[in-house]
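Database features, via TrEMBL:
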DOMAIN    41-117  domain 'SPOR'
SIGNAL    1-27  signal peptide
Amino acid sequence: MNVIIKHIAVLNLSLLLMAIAPKNTFAQIIYGLDKARNFNTTHHGPFSIYAGTFRAKNSACQLRSQIAARTHYPVRVVSSGQLHSVVLGPLASPQTVRAIGDSLLVTPALKAKKVHKAVRVSQGQSKQTLTPLPPDIASKNVGTLIHTQTGGIRFTVLAGGSSYAFDQQGQVFFPAEAFRTDSYVSEEHKIQFASAIGISYEKILEPNKEKSWNMLRSISLGVNAYYNEGSQHGSVYQYGLPDFNNATYELQVRSFRVMLDTEWGLRPSYFGIMPFIEAGVGGAQNSMSFQNIPRPDIGADGGNYSLSDKARVHFAYELGAGLKLPLRTNVMVSARYLFADIGDARSGISDNETGVLLAYPVRTNVQSHSVLFGLSYLFG
């Protein structure tokens, strides 16, 4: 008797699930992840997978969140009466349907008791597994979901630390009549705060089982704005002589750059983590100050002067790599290392307060090494 009751319950739930999808629209539905795993058809998409059906909406939302954390394809909850179904799609091809079925059925987080129950209901469906999408989904949401599936506008905020790499030594040229050229040597540089903000268009690529070696998931192109600061400290040797270490110096550089960046993302590996590489070109506006500070314990005059200059624009390029992790369907966190060559920075040649005048500016090449953590949102 219990077996008969269970079969009747499964049949009733199956019939109710079929009722959610009336046969008057264009898409095709696959009931259950197990059927998605082996799905094949000569029909054209789009396709949708009904991953499970629940009487409690919270349970359906929980499954939706678990699936959304492990795939970039759209996932939503479709409600009809007292039943709430988790629907994955639209999906463009049978290959995509099979790939999703494979990946989700081996995911430990989808093995909760209620999820198994929902899948068993799908297994009990009628042999006819190709039926249309619900009218409300077809008419209102398909356009938006396809846009989310294939790409969209991504907004990103980054923050972290940056270390500048300056020339380790340089010279301070005074006018010829002074018969003096000082030299300076770096002894210390600090890691300082760095930040960025950007917007890009991201194209999400379809998986291709015929090219399993192709791990490329997405390509994006956008504009990012970065701000970095850096400083360097060291010793100044008057006339370039080791015995005349009469002063120290502090060199500070501020840089604002705007870059045209591209990111190439790979398909998720463990825990949904997605590696990516980044490259970009653009322009950097660099400003520099140089302060010469006499040592207090030395009687000789090392010269107390401070030089600064207006910002100059230089060509810049950058290369980097990192990891991304989806928190929700449209939200990602990231961590990246970024190398940037932003040209050079130069000081002024005079200090109006002390009257010091140089023949040439103090100059240094500037590169930065940054570790940045980011949060991004995909509008689709």
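Glycine too: its Cβ is placed from the backbone N, Cα and C atoms.
TrEMBL labels come from automatic prediction, so no person has curated them.
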I'm checking region-level scores; what's the whole-number mean pLDDT for the domain 'SPOR' (41-117)?
76
Secondary structure composition of the domain 'SPOR' (41-117) [DSSP: H/G/I, E/B, coil]:
32 helix, 23 strand, 22 coil
